[in-house]
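Student: Straight from Swiss-Prot, here's the annotation block:
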type	residues	note
BINDING	T71, D92, D118, A119	S-adenosyl-L-methionine binding site
Amino acid sequence: MGGQKTHFGFSTVNEDEKAGKVAEVFHSVAKNYDIMNDVMSAGLHRVWKHFTINTAHLKKGDKVLDIAGGTGDLSRGWAKRVGKEGEVWLTDINSSMLTVGRDRLLNEGMILPVSLADAEKLPFPDNYFNLVSVAFGLRNMTHKDAALKEMYRVLKPGGTLLVLEFSKIYKPLEGAYDFYSFKLLPVMGKLIAKDADSYQYLAESIRMHPDQETLKQMMLDAGFDSVDYHNMSAGIVALHKGVKF
């Protein structure tokens, strides 16, 4: 595998190097991640996540896996929906992000199971979860196809995968969006997080992520029987929903 190439932002790297490079980015941004999310999206990320939570139709006692759960925004929402009789796992491949998320939830009085987990090799049994979610994490994974197959594997029949991710913006807005992403975003990263390079990577990773229709097909190829998506904020983000029959 070491000889195969993949992208890290706009750069080309060996597949076995990407995970380490992505880890460096998120170790760097973890402490300022929530602040930067608010600044970068003008608070819209909260609206996108709220919409995602309302889409799930969870019931008390359900089991949920939050992949690349980061600072715990979705896990908090899922825990409120499934109640004490339910089960919500907060997972992330990055220890710094997972620590921030765990501590944040503990400070709010929420005790959830956490796992340092690779989405391409999930440490959970087949047909276990009612819902799997991944928000703003899929684009950083080296083998997205393998990760999607793992998400399918751990879902119960009738279970749902929700993928909230940056996507392809409507064409008339591309110029303004590029200016914001590549001129302003790294500057904000430098001023607020003292880290322009990491936010340059994040902007590049968004452009390299599959568009809405491509991701839909990838989910179908991974085994999902029904897939659709909903664009938000002119396509800046899309919520893909896959169902396992």
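The backbone N, Cα and C atoms fix where each Cβ goes, glycine too.
Tell me about the setting of these features in this model.
Tutor: In sequence order, A30, Y33, D34, M97, V100, G101, R104 constitute the residues six or more apart from T71 (S-adenosyl-L-methionine binding site) in its chain with CB-CB distances below 8 Å.
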Student: Does anything in the same chain, at least 6 positions from D92 (S-adenosyl-L-methionine binding site), have a Cβ under 8 Å from its Cβ, and if so what?
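Tutor: Listed in sequence order, they are I67, A68, G69, G70, L98, G101, L116, A117, G137.
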Student: Which residues of the same chain, at least 6 positions away in sequence, have a Cβ lying under 8 Å from the Cβ of D118 (S-adenosyl-L-methionine binding site)?
Tutor: I93
Student: Non-local Cβ contacts of A119 (S-adenosyl-L-methionine binding site) (under 8 Å, 6 or more apart, same chain)?
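Tutor: For A119 (S-adenosyl-L-methionine binding site), the qualifying residues are I67, A68, T91, I93, V134, G137, M141, A147, E150, M151.
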